[in-house]
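**Q** Quick one: structure below, then a few questions.
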Amino acid sequence: PQEEEEELVDPLTTLREQCEQIEKCVKARERLELCNERVSSRSQTEEQCTEELFDFLHARDHCVS
């Protein structure tokens, strides 16, 4: 009989998921999602939500570190 291999989880992934729950990250994610909705609702726009994405990633990475 084969032993079941335990699925390994990257600790960085776990930390990122935990950090995404803090208030600063939640607010940054909300701004990113609003921007994405705005961009998706338009057929022609130059907006790309880059700043909102970087704000969210910065907040999350700051927490992780």
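Cβ from N, Cα, C; glycine included.
No curator has checked TrEMBL annotations; they are predicted automatically.
These figures come from a predicted structure and were not determined experimentally.
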**Q** Disulfide partner of C49 per TrEMBL: which of C35, C63?
**A** C35
**Q** Could you give the Cα-Cα distance between C19 (disulfide bond) and C49 (disulfide bond), in whole Å?
**A** 21
**Q** Using the alpha carbons only, what distance in Å do you get between C49 (disulfide bond) and C63 (disulfide bond) once rounded?
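**A** Cα-Cα, rounded: 22 Å.
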